[in-house]
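For reference, Swiss-Prot has these:
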BINDING   Gly22, Ser23, Gly24, Ala25, Phe26, Gly27, Phe97, Lys125, Ala157, Arg274, Val298, Glu300  NAD(+) binding site
BINDING   Lys125, Arg274, Asn275  substrate binding site
ACT_SITE  Lys210  active site, proton acceptor
Amino acid sequence: MSTKQHSAKDELLYLNKAVVFGSGAFGTALAMVLSKKCREVCVWHMNEEEVRLVNEKRENVLFLKGVQLASNITFTSDVEKAYNGAEIILFVIPTQFLRGFFEKSGGNLIAYAKEKQVPVLVCTKGIERSTLKFPAEIIGEFLPSPLLSVLAGPSFAIEVATGVFTCVSIASADINVARRLQRIMSTGDRSFVCWATTDTVGCEVASAVKNVLAIGSGVANGLGMGLNARAALIMRGLLEIRDLTAALGGDGSAVFGLAGLGDLQLTCSSELSRNFTVGKKLGKGLPIEEIQRTSKAVAEGVATADPLMRLAKQLKVKMPLCHQIYEIVYKKKNPRDALADLLSCGLQDEGLPPLFKRSASTPSKL
């Protein structure tokens with residue numbers, strides 16, 4: 001028998017009801033996580049006929065085929081029915097549709113969240129085209145910032161939904177808020193484990209930029225480049241995430257954590273990633289219009305590349321990798337030419353600060 005002592009902060013929290021706004025693959029996967037922690041989980045989807053189909057088949061045949069929904073998960077197209085009684089609210093609506101949702105349907109929901117002080121977990125990734133804002137910033141226009149936290153990290157929907165071991169970060173400006181949500185979202189079987197952080201900016205930047213970089217990784221794969229090139233892209237891309245995070249005032253602690261390096265490595269390395277798949281097709285010569293026309297799922301990196309470049313320009317942050325990916329997606333630049341331009345940048349210092357201080361009296365042994 002284990003003799004390990006558990007403090008109060010280690011004890012998991014269980015709720016009566018949770019609501020997930022956003023019925024895509026990831027929203028459904030998070031509903032499956034919450035089904036282990038709540039008596040009732042409600043998932044909002046705007047199309048009433050599709051809601052009926054999902055509830056009848058007990059499977060999200062639209063976005064997550066093959067995963068049987070837990071018995072305590074219900075889909076609904078009624079916003080008020082969805083949130084009524086909820087003790088936690090998750091937003092997984094695509095970034096470009098978030099503002100429209102609040103403006104059209106958010107009135108009573110906003111009042112409910114404020115009155116009940118319901119914690120809101122932002123799980124959407126990207127940058128809004130019209131304002132260059134991240135998802136938590138958009139929602140922060142409608143709900144008080146102290147209610148908002150961010151979930152980010154390496155988490156393919158199919159693995160989350162089927163209980164394959166997953167670790168993510170939950171970020172809040174108040175570490176105690178993050179720790180409470182950590183106890184709500186982490187499951188008793190430890191298949192879904194959350195780590196708390198205060199770097200909300202780093203989590204949102206990393207979550208958005210990694211999707212653009214994953215397109216680049218896919219392009220390199222489509223061009224027949226190897227794993228060495230992928231590793232270089234991941235590392236240099238991580239520094240672009242670091243620089244943008246710094247420019248936006250983040251403390252950077254999330255950049256080399258689960259939300260940063262962890263999610264970037266995953267998204268850039270697997271065809272389970274929609275963004276990687278889009279990039280691979282671009283690398284093989286398919287036009288972006290055809291790729292998007294034949295794909296049901298949203299590849300957030302495509303929508304993010306343009307506002308990302310405008311934001312970087314505004315902040316005077318150099319992001320050469322992301323710039324070339326933008327050129328491929330939006331300017332129809334030949335992927336091989338984009339690669340050649342990257343390689344012609346000349347020899348440079350690596351640009352990483354030392355991690356350890358060494359006194360002059362202690363010379364290196366190497």
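Just so you know, glycine gets a Cβ as well, placed from its N, Cα and C.
On a predicted model such as this, the values are computed, not experimentally measured, just so you know.
A map of Swiss-Prot features onto the structure.
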residue : record                       : DSSP class
Gly22   : NAD(+) binding site          : coil
Phe97   : NAD(+) binding site          : helix
Lys125  : substrate binding site       : coil
Ala157  : NAD(+) binding site          : helix
Lys210  : active site, proton acceptor : helix
Arg274  : substrate binding site       : helix
Val298  : NAD(+) binding site          : coil
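Cα to Cα, Gly24 (NAD(+) binding site) and Arg274 (substrate binding site) are separated by 13 Å.
Listed in sequence order, the recorded positions from Phe26, Lys210, Val298 having a Cα within 10 Å of the Cα of Arg274 (substrate binding site) are Val298. There are 19 other Cβ atoms within 10 Å of the Cβ belonging to Val298 (NAD(+) binding site). Checked against Phe97 (NAD(+) binding site) by C-alpha proximity, the recorded positions Lys125, Lys210, Asn275 yield Lys125 as the nearest. In this structure, Arg274 is the one among the recorded positions Lys125, Lys210, Arg274 with the smallest number of other Cβ atoms inside 10 Å of its Cβ. Cβ neighbour count for Ala157 (NAD(+) binding site): 23 (other Cβ atoms within 10 Å of its Cβ, all protein chains included).
Within the set of recorded positions Lys125, Lys210, Asn275, the entry lying nearest in space to Val298 (NAD(+) binding site) is Asn275 (CA atoms).
Here the binding-site residues are Phe26, Phe97, and the one ringed by the most other CB atoms within 10 angstroms is Phe26.
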